[in-house]
Amino acid sequence: MHLFACLCIVLSFLEGVGCLCPSQCTCDYHGRNDGSGSRLVLCNDMDMNELPTNLPVDTVKLRIEKTVIRRISAEAFYYLVELQYLWVTYNSVASIDPSSFYNLKQLHELRLDGNSLAAFPWASLLDMPLLRTLDLHNNKITSVPNEALRYLKNLAYLDLSSNRLTTLPPDFLESWTHLVSTPSGVLDLSPSRIILGLQDNPWFCDCHISKMIELSKVVDPAIVLLDPLMTCSEPERLTGILFQRAELEHCLKPSVMTSATKIMSALGSNVLLRCDATGFPTPQITWTRSDSSPVNYTVIQESPEEGVRWSIMSLTGISSKDAGDYKCKAKNLAGMSEAVVTVTVLGITTTPIPPDTSERTGDHPEWDVQPGSGRSTSVSSASSYLWSSSFSPTSSFSASTLSPPSTASFSLSPFSSSTVSSTTTLSTSISASTTMANKRSFQLHQGGKRNLKVAKNGSKLPPASTSKKEELALLDQTMLTETNAAIENLRVVSETKESVTLTWNMINTTHNSAVTVLYSKYGGKDLLLLNADSSKNQVTIDGLEPGGQYMACVCPKGVPPQKDQCITFSTERVEGDDSQWSLLLVVTSTACVVILPLICFLLYKVCKLQCKSEPFWEDDLAKETYIQFETLFPRSQSVGELWTRSHRDDSEKLLLCSRSSVESQVTFKSEGSRPEYYC
């Protein structure tokens, strides 16, 4: 009986403690007709500078408003296990401990608006698995880190408005799993609609927020903006421009293209999947299975120029587990695009007949090969195989031969001396059999499409006679490897107008070894291939153009050429070319001898006329300036006998002399004598 009484007292005490309310707060209990209820606590004392610690443990909603609290300490609410709504608004909170919200497993709503937060502990959202509303409005947050994105998937309402954000992570809008299809049978707890508040921030409008800009231009039922009328603050040309009217430069969503969407291949064969993507900035390409799981195959990825990227994934010795869909995903700051390639494995196992150096017919299993894309694989320049080309400074090609159970490949890259360029892949989708030719010509076409042309005895076969299956057989036979043989000291021993003879030293070779000679006009697109016997250690290349420059590489049969196995040479010029230059020089010299004196004579005449023109105009002006008079005084004709018309010239001379001079120096010998004038 005594123990029972003590137990009642303890329970009463604990119940009283659970109902205690801090002096600076008000606690209300709202009951319901069914006997249940919830406790609401409001703390708004302006003198409160610390969080209260003796809150009722059954508190469901806690509001701490308009206080001077500056910090939320670690595990500040850990004992409020029933707390569902936490409002710490319009205080002076500047920092939050990462473990401040520990044990709040029932919390649905967290509002921290109107504080001075410069950062938020995003990882603390893991302590609140049921949180749906996060309000960070009107703080001083400057950025959202990339690490925060994985914690946002369960939020249905996120308000980051009126902060100091200038940008967001490019994948910000991909934080919610509803944007990606959810596999059937998987429980998705993420909300079906997201409400975002992003207005009133000094946004820098570039590719990083291009998805958000595009979102403001369309109506998306899954994502709702609290205020779609957001404006750009930077760069200067977009200052004050609404998102709906902003046009971003150098920002283009990726576009993906595959060479084939369906591939059928025999069991145990090798398959290449190719994917090409364009966009700005240059997109990155990844390969996944249909369930988004990563692939475990060899992938080569290269960007021949800005805004373009290709990728090839190699499936060697495929089996039934390799059948299915493969996704090629291209992604950049502006968005993501994907394409799907379906691989079907046929249950027929065949063994190809290995080719040899003589011409014969061989059978190959049917292979469908498709270039593709994947993760990037870097290749050092020291191990790159080189070949001269004129495609572009940033392009090259590589050819892959497929023969089960392994895939051999080599790269032919354009170079000058020792310059190594980036790699572009020669993609082939071929199967069946063909006859081996002694001389082959590989033609690479622009635009990403590449064909294989075969020449035999110096003449090319018509396109219709060479099927894709034959092309693969020829390409396969060029890749038979003799790993121990090596070519050294390649040199030119003789040159003519239309041919050249090459010689070399060969080490670690067998008696029946063969070598492959690859040559092309320097900078040309046609690549010619011929076989030679290594026992002679020399080969003569005929059919060259006089005065032309060529590049040639000599390597063991099936082994790609290396840098030290290539040489550049020129054929002799035709003598007629020199005579033409001499004739042109003589004609030019003769023309100069004839024309130069004529030009000098014309210049002399022009200068002479220029010098004579000035006195001529002065004489003309003098004639028009002076007036002729018959008499100087208005007397009768009888009185002025001395100034008769017969003396008109003398009157003119008199006008040129001063009056005083005339009167002092004129004398008359007689009445009828001629007067003399002195000036």
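Each residue, glycine too, has its Cβ placed from N, Cα and C.
Residues or ranges marked as signal peptide by Swiss-Prot: 1-19.
What Swiss-Prot lists as topological domain 'Lumenal' is 20-582, and the listing cites a curator's inference.
Confidence for the repeat 'LRR 1' (56-79), expressed as mean pLDDT, is 93. Per Swiss-Prot, repeat 'LRR 1' is recorded for 56-79.
Sequence annotations record features per position, and here Swiss-Prot assigns repeat 'LRR 2' to 80-103. Same-chain residues lying 6+ beyond the ends of the repeat 'LRR 2' (80-103) with a Cβ under 8 Å from its Cβ atoms: 55, 57-74, 109-118, 120-121, 123-124, 127-128.
Counting residues of the repeat 'LRR 3' (104-128) by DSSP class, helix then strand then coil, yields 6 helix, 3 strand, 16 coil. Look at Swiss-Prot and you will find 104-128 tagged as repeat 'LRR 3'.
Per DSSP, the secondary structure of the repeat 'LRR 4' (129-151) breaks down as 6 helix, 3 strand, 14 coil. As annotated by Swiss-Prot, repeat 'LRR 4' applies to 129-151.
The feature repeat 'LRR 5' is assigned by Swiss-Prot to 152-175. Residues 113, 122, 125, 129-146, 189-191, 193-204, 206-209, 211-212, 215, 223, 226-227, 233-234, 333 of the same chain lie 6+ residues outside the repeat 'LRR 5' (152-175) yet bring a C-beta within less than 8 angstroms of a C-beta in it.
Annotation comment: Swiss-Prot describes 201-253 as domain 'LRRCT'.
Helix, strand and coil content of the domain 'Fibronectin type-III' (486-574), in residues and according to DSSP, is 3 helix, 51 strand, 35 coil. Taken from Swiss-Prot, the feature domain 'Fibronectin type-III' applies to 486-574, supported by sequence analysis.
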Residues from the same chain, set at least six apart from the ends of the repeat 'LRR 3' (104-128), whose C-beta lies under 8 A from its own: 77-78, 80-98, 134-142, 144-145, 147-148, 151-152, 154-155, 159
DSSP-derived helix, strand and coil totals, residue by residue, for the repeat 'LRR 2' (80-103): 0 helix, 7 strand, 17 coil
